[in-house]
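Taken from Swiss-Prot as is:
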SIGNAL    1-21  signal peptide
CARBOHYD  Asn85  N-linked glycosylation site
BINDING   Asp147, Asp174, Tyr177, His332  Fe cation binding site
BINDING   Asp174, Asn207, His291, His330  Zn(2+) binding site
BINDING   Asn207, His330, Val331, His332  substrate binding site
ACT_SITE  His301  active site, proton donor
CARBOHYD  Asn392  N-linked glycosylation site
Amino acid sequence: MVKVLGLVAILLIVLAGNVLSYDRQGTRKNLVIHPTNEDDPTFPDQVHISLVGPDKMRISWITQSSISPSVVYGTVSGKYEGSANGTSSSYHYLLIYRSGQINDVVIGPLKPNTVYYYKCGGPSSTQEFSFRTPPSKFPIKFAVSGDLGTSEWSKSTLEHVSKWDYDVFILPGDLSYANMYQPLWDTFGRLVQPLASQRPWMVTHGNHELEKIPILHSNPFTAYNKRWRMPFEESGSSSNLYYSFNVYGVHIIMLGSYTDFEPGSEQYQWLENNLKKIDRKTTPWVVAVVHAPWYNSNEAHQGEKESVEMKESMETLLYKARVDLVFAGHVHAYERFSRVYQDKFDKCGPVYINIGDGGNLEGLATKYRDPNPEISLFREASFGHGQLVVENATHARWEWHRNDDDVSVEKDSVWLTSLLADSSCKI
């Protein structure tokens with residue numbers, strides 16, 4: 001049956017026009033990860049957590065049979081003074097796949113910088129997990145990596161990230177690379193569970209989450225929206241495809257490259273209102289995240305609508321709001337730009353960083369444009385991850401760590417000053 005599903009998926013990819021037009025190198029094989037306990041259909045599988053408002057956490061997991069979605073939690077292992085109930089759902093994809101029961105439970109209020117122990121499904125569950133909430137003071141530490149996938153390189157990246165004591169993981173789109181072959185979503189959930197069950201993972205979608213097939217499956221983002229529910233309602237958004245959240249001192253805006261972004265569209269109006277509501281006294285740093293990069297000197301993905309037209313539509317909004325950083329994925333390489341606005345250096349513009357280098361099966365985008373544009377300060381086609389440490393209201397440090405023969409090597413680093421600290425860039 002698995003072979004049949006694989007052949008169907010390959011055929012559908014071709015029919016959908018999802019054929020790459022440039023060479024990829026440095027691939028490693030994809031992983032297949034089975035459930036930890038296949039004998040127990042109620043055993044929690046693919047556990048991950050995400051932030052919900054200032055003091056709550058969403059616990060998400062999958063079971064193979066129907067259960068009452070509930071979570072018990074507490075600050076001492078084995079002692080659970082808190083409990084909460086949630087919702088469950090599932091989905092079909094074509095006629096050949098049905099997901100397990102996807103459970104979502106929001107717990108809280110929670111204390112900052114505190115370890116909580118929890119069980120999915122109630123106190124009788126045999127598996128205990130734990131997570132730590134983000135702190136309520138600086139420094140704040142973000143791990144960043146996009147285009148992750150389920151390859152051996154993906155596993156290597158996650159192993160490097162796990163050795164760093166970060167607070168929140170940010171993924172700028174292209175999660176599982178299921179490409180319509182739904183069992184890869186399950187493998188992805190199991191691959192990231194050791195990290196995603198311990199720290200909040202905040203994600204946005206990419207082109208590989210679309211999974212739309214004319215006539216056969218007309219509803220895009222089915223798996224993504226069901227499996228990775230983000231706090232969109234809490235930020236006034238009407239769609240799981242774009243939202244915002246706060247971690248102490250930092251406002252983060254997760255934008256949708258593959259949904260409406262034209263002036264006057266719902267996302268545009270939401271972004272406009274969201275930016276107006278930012279209190280720079282309490283959140284002096286503002287970070288935006290997209291999938292398709294607005295600046296890119298790699299040969300890959302040049303001239304795509306989602307990059308060019310979204311930039312034309314929204315760049316000025318971010319510039320006028322003095323957004324400090326913009327992360328993107330899509331291009332399977334690393335690149336850091338200077339502060340930019342309208343294709344030129346501008347000290348009041350955001351720093352743009354492309355980090356679609358998580359390790360997916362497609363490999364690396366190794367061809368760069370020559371000569372190197374002046375605004376591109378560092379570029380390298382290697383897998384890896386980034387570390388953003390917001391030290392205080394005015395300064396942050398960015399590091400990019402390359403996966404080098406399975407050893408994490410720091411290759412690029414820079415100190416950043418908040419635009420709020422520059423008197424000439426005052427809003």
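Glycine residues also receive a Cβ, built from the backbone N, Cα and C atoms like all the rest.
Asn392 (N-linked glycosylation site) is 27 Å away from His291 (Zn(2+) binding site) when you measure Cα to Cα. Between His330 (Zn(2+) binding site) and Tyr177 (Fe cation binding site), the C-alpha separation comes to 12 Å. Comparing Val331 (substrate binding site) with His301 (active site, proton donor), their Cα atoms are 7 Å apart once rounded. Counting only the Cα atoms, the space from Asn85 (N-linked glycosylation site) to Asp147 (Fe cation binding site) is about 33 angstrom.
Sorting the binding-site residues Asp147, Asp174 by the number of other Cβ atoms within 10 Å puts Asp147 first. Those residues of the chain, other than Asp147, Asp174, Tyr177, His332, with a C-beta within 8 angstroms of the mean position of the Fe cation site C-beta atoms are Gly146, Leu148, Gly149, Gly173, Gly206, His208, Gly329, His330, Gly356, Gly358, Asn360, Glu362. For Asn207 (Zn(2+) binding site), the same-chain residues that are 6 or more apart in sequence and have a Cβ closer than 8 Å to its Cβ are Gly173, Asp174, Ser257, Tyr258, His291, Ala292, Glu306, His330. In sequence order, Asp147, Leu148, Gly149, Thr150, Leu184, Phe188, His208, Asn360, Leu361, Glu362 constitute the residues six or more apart from Tyr177 (Fe cation binding site) in its chain with CB-CB distances below 8 Å. The Cβ centroid of Asp174, Asn207, His291, His330 marks the Zn(2+) site; residues of that chain outside this set whose Cβ lies within 8 Å of it are Gly146, Asp147, Pro172, Gly173, His205, Gly206, His208, Glu209, Ser257, Tyr258, Ala292, Gly329, Gly356, given in sequence order. Just so you know, the Cβ of His330 (Zn(2+) binding site) picks up 28 other Cβ atoms within 10 Å once every protein chain is counted.
Of the residues the record lists as binding substrate, namely Asn207, His330, Val331, His332, the two whose Cα atoms sit farthest apart are 13 Å from each other.
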